[in-house]
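According to Swiss-Prot:
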SIGNAL    1-19  signal peptide
DISULFID  Cys27-Cys55  disulfide bond
DISULFID  Cys47-Cys95  disulfide bond
DISULFID  Cys56-Cys99  disulfide bond
REGION    62-81  region 'Important for interaction with IZUMO1'
CARBOHYD  Asn73  N-linked glycosylation site
DISULFID  Cys79-Cys166  disulfide bond
DISULFID  Cys86-Cys137  disulfide bond
DISULFID  Cys126-Cys200  disulfide bond
DISULFID  Cys130-Cys180  disulfide bond
DISULFID  Cys143-Cys160  disulfide bond
CARBOHYD  Asn185  N-linked glycosylation site
LIPID     Gly222  GPI-anchor amidated glycine
Amino acid sequence: MAQWWQILLGLWAVLPTLAGDKLLSVCMNSKRHKQEPGPEDELYQECRPWEDNACCTRSTSWEAHLEEPLLFNFSMMHCGLLTPACRKHFIQAICFHECSPNLGPWIQPVVPNGQEEQRVWGVPLCQEDCEDWWRACHSSLTCKSNWLHGWDWSEEKKHCPAHEPCLPFSYHFPTPDDLCEKIWNNTFKASPERRNSGRCLQKWFEPTLSNPNVEVALHFAGSALAPQLSYTLPAFSLCLLFHP
């Protein structure tokens, strides 16, 4: 019996770490992402912050910078040119989505209960990230608030539906929170937390600095696993108590 209790104590110490590791430094299962993160030399421009540990390839980082990204068969110019600052924020958001290895706590299957392709859901972007993105795009034009669904595919590429005219971003996204959360169908969540709080992710950071999102992913990975461990380990403990 003493040996079993020693094993249990070891599980209490080790299981949270082992389980948490599954949510840290991982890539989602998709056609564009690598199977696992690792160094990538010469990522293109806005994707450079992830060169030390990336889920994207150099080719993907280059495609993220095209006016009509091959990644999504979609033109950011569907209502004319975005302002340079607005376009830069979108490229940074694409790089973050494609390259970051710190999105594990928010990875979910595209199809409920499915085991194949995955997406991220509700990634908490820092307040400044949403505000800066919104200000940069305030005067640019778009015809939709959700860029993932509801497009006209009659010409094999996404075009504005006939009944949805081009209007300023401020019409479709009255607040920074609206932009962050609606634009990619809840891929991102507008966090009330600010940068360096350890409770929100930055969609971009200076390539010369360490990745601030590692600490944040660690925090949320622990939070996500706490409910599971709170049932599993006590249940095992009870079994030992009644073990003859």
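Every residue gets a Cβ built from N, Cα and C, even glycine.
Where Swiss-Prot records a feature, it is marked here on the structure.
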residue	record	Cβ contacts under 8 Å, 6 or more apart
Cys86	disulfide bond	Ala136, Cys137, Ser140, Phe169
Cys95	disulfide bond	Leu43, Glu46, Cys47, Pro49, Trp50, Cys56, Ser61, Ala64, Trp204
Cys99	disulfide bond	Leu43, Cys47, Pro49, Trp50, Ala54, Cys55, Cys56, Thr60, Ser61
Cys160	disulfide bond	His78, Cys79, Cys143, Lys144, Trp151, Asp152, Cys166
Cys180	disulfide bond	Leu125, Asp129, Cys130, Trp133, Trp134, Phe188, Lys189, Ala190
Asn185	N-linked glycosylation site	Asn146, Trp147, Leu148, His149
Cys200	disulfide bond	Pro124, Leu125, Cys126, Gln127, Asp129, Ser191, Glu193, Arg194, Val216
Quiz item: Just the number: how many Å between the Cα atoms of Asn73 (N-linked glycosylation site) and the residue listed as 'GPI-anchor amidated glycine'?
Solution: 36
Quiz item: Under DSSP, the region 'Important for interaction with IZUMO1' (62-81) has how many residues in helix, strand and coil?
Solution: 2 helix, 2 strand, 16 coil
Quiz item: Can you check what DSSP calls Cys99 (disulfide bond), collapsed to helix, strand or coil?
Solution: helix
Quiz item: Using Cα coordinates, what distance in whole Å links Cys27 (disulfide bond) and the residue listed as 'GPI-anchor amidated glycine'?
Solution: 18
Quiz prompt | C-beta crowding around Cys47 (disulfide bond), within 10 angstroms | solution = 29
Practice problem: State which of the following disulfide-bonded residues has the fewest other Cβ atoms within 10 Å around its Cβ: Cys56, Cys126. | Solution: Cys126
Quiz item: Taking the region 'Important for interaction with IZUMO1' (62-81) alone, what is its mean pLDDT?
Solution: 82
Practice problem: According to DSSP, folded down to helix, strand and coil, what is Cys126 (disulfide bond)? | Solution: coil
Quiz item: Counting other CB atoms within 10 A of each CB, which of the disulfide-bonded residues Cys27, Cys79 comes out lowest?
Solution: Cys79
